[in-house]
Amino acid sequence: VGSSNLQFLRISESIARLAFIVYWGVVLFGYDTTALILENRSGGVVSNEHFGRSFGIIDSSGVKDIHKSNAISSNVVSVLQAGAFFGALGSAPISSRMGRRFTLLCFSIVFSVGAILTTVAGGGKKGLNLIYVGRVISGVGIGAISAVAPAYVSECSPKEVRGRITGLFQIMVTGGVMVSYFTNLGVQLHLGGDKVWRVPFGLQLIPAGILAIGLLTVKESPRYLASVERNDEALQILAYLRREPITSHAVLDEMAEIEAAIREEREARKGLGLKEAFFGKGNFIRFVIAFVVFLFQQLTGQNSVNYYAPQIFASLGYTGTKQGLLASGIYGIVKVVTTSFFVFFGVETLGRKLSFFISAMGMGTSWFIVGSILKTHPPNVIPGQNPPPASKAMAAMLYIYVAFYAMGWGPLPWIYVADIFPTRTRHFGLSVASASQWLWNFVISKLTPDMVTSLGYKMFLMFASFNVGALGLFSILIPETKGRSLEEMDIIFGAISAEQRQADVEKVQRGELIDFLLYSLLHPSRLEYWNTTSAMGEAFDLDGTLGAAFLGTLAAAMVLDTVHMGFTTHGLYHYLVTNFGNYTVLVGPTCHATPQDNSVPSLYYRALAYFVTFISECLTYADFPSPEYKYNHSSLVLRKEGVSLYALGIILPGIIVLLSLVVFANGCGFASRAFVLKTYEKMNEAAAMLYVSFGAAVVADGIIASSLCTLLLKSKTGFKSTDSIVAKLMAFSINTGLLTR
């Protein structure tokens, strides 16, 4: 077992549990599209005698209306797939707005409603119409789940094992198909009456219920959260999923890459509509691939075998309901086992391109052999006897065929499509892909019965040609995505250059450095949590002299902040954030630096104190419109509504210095009088010194604020004014919850 396989075996419990829960939804995909729609000779639910008697397919004399049976069978298939087509497309805006987790939860409930309607339907025309309605509703649920689930899991998975985790999708689908075959076999052998068709309908509620309940225990996609600017939540969940501390370099680097990619996408799409999102640079080819790859998946012939396996096995010589369903069940087991082996041990070893190619060549060869044997040795089965050797050989080749399918074109289309789209358009990409899958699914399910009847061996040769030709060429032309992060896909498809991406990542990392400095300034007692030494020494690249200036200023600010805490007062920055963006509170420390009680011995000094306090309070509680903050530490975005405060940002250092000098002079005068008169106790003398210290602290506040502004404006952090620096500080503090000490 290679190192990547060992890494997969050691993958965090949180990722494995999330994938297992989310993919219960796609068990419905395999089960619901197979168990209930098997054709007339297959022993499926729709062709069952009890179903036929309940809905008028078989009359009271036992005569079966073949035309009506075919029409109902076709309708039960098509209404589900029509619902799934629209469900897949409709899931995109909901997933984009409400999140992956909530969308899956909603559509699992939608599916359950449809399943209940089909299960409780009565007989006759009204009951049949209720089944159609239930199938449409179930289809909407399945279509949406099939679009959102792979995107959700892909966005949560680390790139090293993303293919394997996303590939669990196909394992669960094939598991659903296998269960459907044996469900049909079981109800045929052990149940009677309406239970023969109600039980398979009702069993759909089990995986739907597991999905709905399980979704209540998992977390939202960190990439989705970052795309809607909930970056703090995204970072916390990313660290949880990776089982790393929030300060881990790997987690911080991945988060920086995610935010850089989202920022690029947002900048590129700013002011553009849906048309530009689909046809923008590097996007159109991805939507083409998403659409075509599922057309080609249907051209492998796989779903023809899935839907009509018993009928196909019957055409190869396996007659009888029990014999056909048993052969189909074995086919399902082979599919599950080989899919599981490939997903766990092959997809990250062989890569996407090579796996696609080997799979196409293997399937094409298998189909050629089946078609050739069927042409030269058509089955001539005598009822009650075992199938002839030629039939057994063709059945064996079908098992080999499905093994090659499971090693490439089964799981890989979902993995590949989930790989190639950026976060901002992934929900659209997966919706188009899923809609394409359901569209071509519908076409193939409509054509296969006639092809089996009219084409015979030519159908297998046709599928063989598609596999070797179209699918083989497609496998060669597409780019490899193995081991590449989701954010690198923009580079692969030419949406952005590697140099620009690196520059954007570095800019995000510089923004994280600013966050680190501001966090330290606001709450130095929690510096240890951030692992200061390693974070500053390795995670961030300090730009020489500028970096040293940052650290020096930070050190001075931390000393000053310690003084402030020791004097049970508040620092400049604390005033700023606790007042939620009113810039005028920067003069707030002067209130605390001014003697405001009756111990002031002189009316002159008391008047001076009240005057300064009055000015401070007027400025502090001035009725300025509050800005609306939209924080993102990569793009440093701040939207403001109301009057512009840039002018205040420019004169702010002057106000601070002026008031701090007044208070400092007042403190010195008060201390001098106390010592000269020698009429105060030690506490009053300490108070005098305290006032002097307060004055000095306010002066230092002004110096540090000016220094930080100057340094930030000169650095490559995207700041254009002192106003944006102060806004950054407030937004960061509000988002991190550092509003009180």
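Cβ coordinates are placed from backbone N, Cα and C, and glycine is handled just like the others.
As annotated by TrEMBL, domain 'Major facilitator superfamily (MFS) profile' applies to 18-482.
The transmembrane segment annotation in TrEMBL covers 130-153 (among others).
According to TrEMBL, the transmembrane segment annotation covers 165-187 (among others).
What TrEMBL lists as transmembrane segment is 199-218 (among others).
According to TrEMBL, the feature transmembrane segment maps to 284-305 (among others).
According to TrEMBL, the feature transmembrane segment maps to 325-347 (among others).
Taken from TrEMBL, the feature transmembrane segment covers 354-374 (among others). Listed as Cβ neighbours of the transmembrane segment (354-374) (distance under 8 Å, sequence separation of 6 or more from its ends, same chain) are residues 300-301, 316, 342, 346-347, 390, 393-394, 397-398, 400-401, 403-405, 407-410, 412, 456-461, 463-468, 471-472, 474-476, 478.
Residues or ranges marked as transmembrane segment by TrEMBL: 394-416 (among others).
Cβ atoms under 8 Å from those of the transmembrane segment (428-447) belong to residues 33, 37, 74, 77-78, 81-82, 84-85, 88-92, 95-96, 143, 146-148, 150-151, 277-278, 286-287, 290-295, 297-298, 303-304, 307, 413-414, 417-418, 420-421 of the same chain, restricted to positions at least 6 beyond its ends. Under the heading transmembrane segment, TrEMBL lists 428-447 (among others).
Distant neighbours of the transmembrane segment (459-479): 289, 292-293, 296, 299-301, 304, 352-353, 356-357, 360-361, 363-368, 370-372, 374, 409, 416, 451-452, 492-493; these residues of the same chain sit at least 6 beyond its ends, with a Cβ under 8 Å from one of its Cβ atoms. As annotated by TrEMBL, transmembrane segment applies to 459-479 (among others).
The transmembrane segment annotation in TrEMBL covers 546-567 (among others).
What TrEMBL records for 643-666 (among others) is transmembrane segment.
Residues or ranges marked as transmembrane segment in TrEMBL: 686-713 (among others).
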